[in-house]
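In what follows, a single structure is set out as structure tokens and then discussed.
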Amino acid sequence: MEPSLVTSIGKIQLERPVMLASGILGISLDVFNRLYRSGAGAVVSKSLSTEPWDGYPNPTIFGINGGGWINAVGLSNPGAPNFAKMIEPNKDVPIIISLVGSIPEDFSTMVEQFKNSKVIAYELNLSCPHVAKVGLEVGDDPELVKKIVSTVKNSTNVPVIAKVGLGTTHYLNTVSAAIDSGIDAITAINTIRAIAIDVETQRPILSNKFGGLSGTPIKPIALRCVYEISSKYDIPIIGCGGISTWEDALEFILAGASAIQIGSAIGDNWIHVFNDINKGILQYMKRKGYSKIDEMIGLAKKS
Ligand SMILES: Cc1cc2nc3c(=O)[nH]c(=O)nc-3n(C[C@H](O)[C@H](O)[C@H](O)COP(=O)(O)O)c2cc1C
């Protein structure tokens, strides 16, 4: 029998374990459709705020010699109300809405705005490393995380995921706060705060100076986080950070992830990356005799 790529992230069931990460192509229903039909098991929207945000002036993204990107786009987005209207016609694409805000009410207001849209989960961005008063500044405050997660959980029956990153508070404290307040799953990790400097102008390259590092350079760190979270907590995990091949994807599954997200690799390999990864995982499962993704989750932790 052909192995199955179906995976469960707690109550969220996906036909395939590989999804689009937030902020990469996540801005229109047409694109979501295209990605779903190209092998993505789900798509995560750009992080949305209560009002439209312009983001930072250019340059906002810089490619690093040897692979990887530093970006400080500044969470530019059309705002939750506009985005909710745009995805209302959605019929069958599994969409996860990423939300960003400073206080619990920002998040609950936005969840209310999506009540007529077909979404399979919300992902709370507690980890963007380059915008003040949101993202990582929120994730670094476990007490605020607790309030946000309980407020969102009280506002919806749709599963809620917390996306964590590496800030000044140990990220496991953020994970623990989110779990205490009833979070359904954790995405790990976001970009890592970084900088690039131009030697001729002797100035930081990005207009915001600091940005977030993504792509292959962060893969071993993201993998370490997934391994640590799954070793310490009984919570479904979505792995994210530097995944570009089926082997990378499997490493995250073996470390304890039930699903994975792809961001930067789309910039490098376009959307073929979804089906390439699906095919590679299937062939591996056949070769090793697995019939379900579930059988492989966390195997690397076995002593
Ligand atoms: C240009 C760009 C924009 C991003 N925007 C968001 C965002 O809006 N919300 C979010 O949670 N993460 C955002 N991210 C982070 C990605 O979702 C992902 O966590 C990170 O890039 C690591 O995965 P990767 O190495 O596969 O890119 C962005 C990343 C990039 C490169």
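Glycine residues also receive a Cβ, built from the backbone N, Cα and C atoms like all the rest.
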Binding-site annotation, TrEMBL, FMN: partner of SER22, LYS46, SER47, LYS163, ILE189, GLY215, GLY241, GLY242, GLY263, SER264 in ASN82, ASN90, ASN125:
ASN125
I'd like the number of other C-beta atoms within 10 A of the C-beta of THR191 (substrate binding site), please.
30
Just report the maximum Cα pair distance in Å for the recorded substrate binders LYS46, ASN71, ALA72, VAL73, GLY74, LEU75, ASN125, ASN190, THR191, no decimals.
16
Same-chain neighbours of the substrate site, Cβ within 8 Å of the mean position of the Cβ atoms of LYS46, ASN71, ALA72, VAL73, GLY74, LEU75, ASN125, ASN190, THR191 and not counting those residues, run in sequence order as GLY23, SER47, CYS128, HIS130, VAL131, GLY135, GLY212
Please identify, among the recorded positions ALA72, GLY74, CYS128, the one with the smallest Cα-Cα distance to SER22 (FMN binding site).
CYS128
